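The block underneath contains the structure these notes are about, expressed in structure tokens.
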Amino acid sequence: MAAHAWPTAALLLLLVDWLLLRPVLPGIFSLLVPEVPLLRVWAVGLSRWAILGLGVRGVLGVTAGARGWLAALQPLVAALGLALPGLASFRKLSAWGALREGDNAGLLHWNSRLDAFVLSYVAALPAAALWHKLGGFWAPSGHKGAGDMLCRMLGFLDSKKGRLHLVLVLLILSCLGEMAIPFFTGRITDWILQDKTAPSFARNMWLMCILTIASTVLEFAGDGIYNITMGHMHSRVHGEVFRAVLHQETGFFLKNPTGSITSRVTEDTSNVCESISDKLNLFLWYLGRGLCLLAFMIWGSFYLTVVTLLSLPLLFLLPRRLGKVYQSLAVKVQESLAKSTQVALEALSAMPTVRSFANEEGEAQKFRQKLEEMKPLNKKEALAYVTEVWTMSVSGMLLKVGILYLGGQLVVRGAVSSGNLVSFVLYQLQFTRAVEVLLSIYPSMQKSVGASEKIFEYLDRTPCSPLSGSLAPLNMKGLVKFQDVSFAYPNHPNVQVLQGLTFTLYPGKVTALVGPNGSGKSTVAALLQNLYQPTGGKVLLDGEPLVQYDHHYLHTQVAAVGQEPLLFGRSFRENIAYGLTRTPTMEEITAVAMESGAHDFISGFPQGYDTEVGETGNQLSGGQRQAVALARALIRKPRLLILDDATSALDAGNQLRVQRLLYESPEWASRTVLLITQQLSLAERAHHILFLKEGSVCEQGTHLQLMERGGCYRSMVEALAAPSD
């Protein structure tokens, strides 16, 4: 059925409903249940709901263009089906007295009239629209609402479902125990007013005390189990989010500032887990309490309970609207907070630079500026919260006054006893409080949704370049080929860094890559490590594209050391063995440290290789960090070693030691080495030199060949050798 055909379907449903009410359903159920008119009313109503519900599902299934508001037909048919049975039951059970059974049967006859039929739709449409609107907490398919987020967060507790079930049982038992005080207070009131002595008074008082104490003990046990379980969820969510971030492609970290990522992994995740562990605890507790109170209220006075429930929509509407405002403000606050965190992170991570430029006050002012930008958002957030709390307080007060007035009228008529009214008022006060707490929790839970959406963005995000390769050959030669490679960084897609780059790196050879700054030398190193994918051409290793290799295998065969390597805030031993799937022996660690020139200064520390290097290795000099990073690469015994100005901070003795290792060690005679450098002494000794200019190879050959050619390489050598003014 096309989208424009929905009016025909709606008219058909109206015709079916009219026929059901006129001759069909009343006639059938008058034969099946002739002696019980109230049961007949319920049978007609439920059958009407079921038949129309199937029709609505059919309309929604074949109508494509108007599904948004047509979804409200489902609560509409429910309202139509339940309205008449609900009215009949209310009139029968209310304090105004039971109807005659004939009156119940007369309701069916009245509802089959045309004017009543139209009136039922007029009355049901607003109720259905409200139902459909409030039902947005559980968002339709394709949209993640707060309920979906909550269910997904609880999905992290799949292995702890038994504990959650136990918590729910303890919660229900504890809530039932809390009903003892209002219940026995009502009974005592009746005894006093009737001037009777109750032989079982003491026994009832003891029973009330026992139930109250048991309720407290059960609540304590439930809270303890709940908090332990939520702590498990907290740890798991943090771990899963951080793991998801680590598996993103390298370009992801260029597009997203480190401060923003850190804020999501730490602060946003903590906000969500805090909401689940604290707010959900309160929500479940007051929900269970409210349901128990509602049951006792119905037992005390069905009429007063209906009056109380009819006032609840007024309490729900405004908080629902404020919750949406609160959620949007929460997202904006989190984004603004991430920006201020990024400013602080940049300043703290570059303190030597900040101090060398005497810009401490400038950074502080910039941070204050970011915080000032958050103030309007915080004010709006606070105003929405205060308005919501004030509205609930006034509504609750009006409800209490109304219940006292109506309850007094029922006592005067003899419909309820004074004790029952006292118990009901106590139940109703606690029930209203439970509703108020639930509504006050709702905006804060909406606030956590703003943060959880960001978290699930990371958990659901598929890397643009997934590490899905599977090649892991037993023997690798280390032959590297760049075939017409082009590349632009993801954060600057219109700036071509490499253009038509073609060259070969041979096993057993040291190839030097030289060229001016910005020519793409470090980009070549990044592509060889499979940190990025070329936008054009291929990067082959032993004839296979790098992306085809298993991620862990590739990085045991390819190792790189940069000019400013980062170390982790761990021991020398852990930094050198970083990333290895096996645990190296101390002899292996010492051997590579000696080859890189790191052993001597490491041995000078009191704790030797167990000494912590500080955050990012900031307790070491640049040369010491390079030596440790070089040892970290050498211990892998890679088939391809990439040195990107990796020895520039080493002293002359250690530089010579590294050169002897690369050129004279039998172990390195068959390995491939790419030496990215601006030092002529290192380039001269290389077996082959590639001169890179504007993202492509300008010329290549040995040092002597390039000097004789008199091209770009020779010009650079002469410029570096020329005395400065």
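Glycine too: its Cβ is placed from the backbone N, Cα and C atoms.
Secondary structure from DSSP puts S522 (Mg(2+) binding site) in a helix. S522 (Mg(2+) binding site) is surrounded by 18 other CB atoms, counting those within 10 A of its CB over all protein chains shown. The annotation Mg(2+) binding site is assigned in Swiss-Prot to S522.
What Swiss-Prot records for D17 is site 'Inter-subunit salt bridge with TAPBP', and it gives similarity to another entry as the kind of evidence.
Per-residue confidence over the topological domain 'Cytoplasmic' (1-8) averages 53 (mean pLDDT, predicted model). Annotation comment: Swiss-Prot describes 1-8 (among others) as topological domain 'Cytoplasmic', evidence class sequence analysis.
Per Swiss-Prot, topological domain 'Lumenal' is recorded for 30-38 (among others).
Annotated topological domain 'Cytoplasmic' per Swiss-Prot: 61-67 (among others), in sequence order.
Marked as topological domain 'Lumenal' by Swiss-Prot on the basis of sequence analysis: 89-110 (among others).
Residues or ranges marked as topological domain 'Cytoplasmic' by Swiss-Prot on the basis of sequence analysis: 132-163 (among others).
Here Swiss-Prot flags 185-204 (among others) as topological domain 'Lumenal'.
Positions annotated as topological domain 'Cytoplasmic' by Swiss-Prot, on the basis of sequence analysis: 226-275 (among others).
The annotation topological domain 'Lumenal' is assigned in Swiss-Prot to 297-305 (among others) on the grounds of sequence analysis.
The annotation topological domain 'Cytoplasmic' is assigned in Swiss-Prot to 327-395 (among others) on the grounds of sequence analysis.
Residues annotated as topological domain 'Lumenal' in Swiss-Prot, with sequence analysis given as evidence: 417-420 (among others).
For 442-725 (among others), the entry in Swiss-Prot reads topological domain 'Cytoplasmic'.
Annotation comment: Swiss-Prot describes 9-29 (among others) as transmembrane segment, evidence class sequence analysis.
Annotation comment: Swiss-Prot describes 39-60 (among others) as transmembrane segment.
Look at Swiss-Prot and you will find 68-88 (among others) tagged as transmembrane segment, backed by sequence analysis.
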**OP:** Take the topological domain 'Lumenal' (417-420) and find every residue of the same chain, 6 or more past its ends, with a Cβ under 8 Å from one of its Cβ atoms.
**Re:** 186-191, 193, 300-301, 411
Original post:
Same-chain Cβ contacts of the transmembrane segment (164-184) under 8 Å, 6 or more residues past its ends?
Top reply: 154, 157, 204-205, 207-208, 211-212, 214-216, 218-219, 221-222, 225-226, 229, 284-285, 288-289, 291-293, 296, 423, 426-427, 430
